[in-house]
Amino acid sequence: MYKIQLLSCIALTLALVANGAPTSSSTGNTMKEVKSLLLDLQLLLEKVKNPENLKLSRMHTFNFYVPKVNSTELKHLKCLLEELKLLEEVLNLAPSKNLNLREIKDSMDNIKRIVLELQGSETTFTCEYDNATVKAAEFLNKWITFCQSIYSTMT
């Protein structure tokens, strides 16, 4: 009698694990990754706001899109990746001897790596962007707020 219930429970567990559902052991890693992402976004914001770097002035005139809905799930990080690619193109971050640009490129590469790890196998999500655009600093601030929100729900 209990055999059917046990088999059903095992099948459900396997289905959840196969579909990338978070398990309790991965929650700690996810928290660390979200915290790292938050710190990298804050570092990138500091570098972007640095008035000494003239090449960044171009970026301050560029408009970025933010998701239409209030982002509350890790799958929304796909939207960050899409816009981060545009930021990289705006900065034209080819190998540079400029220390600030290299640090920005390193931060962006690290952010992309962390986002890909956090997304896992989720590829079906499509970003819906708001019609209004924001400047680079506000764009980064919105994603910092997103990470803080995600992190606070995990603790």
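Here the Cβ of each residue, glycine as well, is placed from N, Cα and C on the backbone.
In Swiss-Prot, the cysteine linked to Cys127 by a disulfide bond, out of Cys9, Cys79, is Cys79.
Taking a C-beta cut-off of under 8 angstroms and a sequence separation of 6 or more, Cys127 (disulfide bond) has the following same-chain neighbours: Pro67, His76, Lys78, Cys79, Glu82. Around Cys79 (disulfide bond), a 10 Å sphere centred on its CB holds 23 further CB atoms from the protein chains shown.
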